[in-house]
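From TrEMBL, here are the annotated features:
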- 77-150: domain 'Phosphatidic acid phosphatase type 2/haloperoxidase' (DOMAIN)
- 12-35: transmembrane segment (TRANSMEM)
- 42-62: transmembrane segment (TRANSMEM)
- 74-96: transmembrane segment (TRANSMEM)
- 103-120: transmembrane segment (TRANSMEM)
- 132-151: transmembrane segment (TRANSMEM)
Amino acid sequence: MFDNPDFFLWTIFASIGDAAFTLPIALVCAIWLWFSARRQAARWIGLLAIGMALVGATKILYAGCGIEIPSLNFRVISGHTTLSTMVWPVAVSLLYRCAGGRARYGVMLGLLIGAATAVARVVDDAHSVTEVVAGWMLGGVLAILFVRGFVRSGVQLAKPRFAALGLLLVASVAYGRHAPIQEVIEAYSPGVCARFFPELAAQVRQRL
C-alpha cells in the first residue's frame, strides 16, 4: 500500500509541494509580512528566491548540459521537496505565533510535511533519495533562517484572522493544480546551456 504511488496520502503530499500550490501560499505569507514588517517580507522573498534559484540551476544544468553525479544517483534538487519544506514551516509557524504558540512547533510540523512530500516524490519515482534529501535540507535551512530571524525581531503580525482566511482560500483554489515549470526548463535549458556553456552543450549533443 505505502509503496503504491497512487496511494492517496502520497498524492496529497506531492500536490502540496507543487509550485502551483506552494508559491501562492508563499505569496500570501509575503503580503501578510509586508503589512506587519516590510523588512521581514523582503527577507522572506529573498530567501525564497535563493532556494528557487539553486533548484533551478541544478535543473538547467541537468536538462541542458547533462550534468549529474551518477555515483550519488543525483541529477537535480527536488523542487517539490524544497518548496514544501521551505513554505510550510514558515506558514505554519506564523499561524502558531498568532495563536499564542511557539514558532518552533510550527517549524517542526512544516518540516514533517516536507519530509512526507519527499517520500511521495521517491515513491512516485520522480526523484532519487539523494535528490529529495538535498531538497529537504535546502528548504529546511532557509525556512529555519527566516523563522529564527523573524522571532528575534519581535514583530507582531497584523490582521492574523484575515491572513489565515487568505491562506485557506488560496489553498482551496490552488490545490491539485500543476505548474508547468519542469516543461519550460526542459524546453529552454538546451538553449541556455548552448549559450553559456557551449562545450558542455556540444558533449550533450554527441551523446544524443
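Just so you know, glycine gets a Cβ as well, placed from its N, Cα and C.
Annotations in TrEMBL come from automatic prediction, not curation.
Bear in mind that the values here come from a model prediction, so they are computed numbers and not experimental data.
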At a C-beta cut-off of under 8 Å, are there same-chain residues at least 6 beyond the transmembrane segment (132-151) that contact it? List them, or none.
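Same-chain contacts beyond the ends: 40, 43-44, 47-48, 50-51, 54-55, 74, 77-87, 89-90, 93-94, 97, 103, 106-107, 110-111, 114-115, 118-119, 121-122.
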For the domain 'Phosphatidic acid phosphatase type 2/haloperoxidase' (77-150), would you mind checking the mean pLDDT of the predicted model?
94
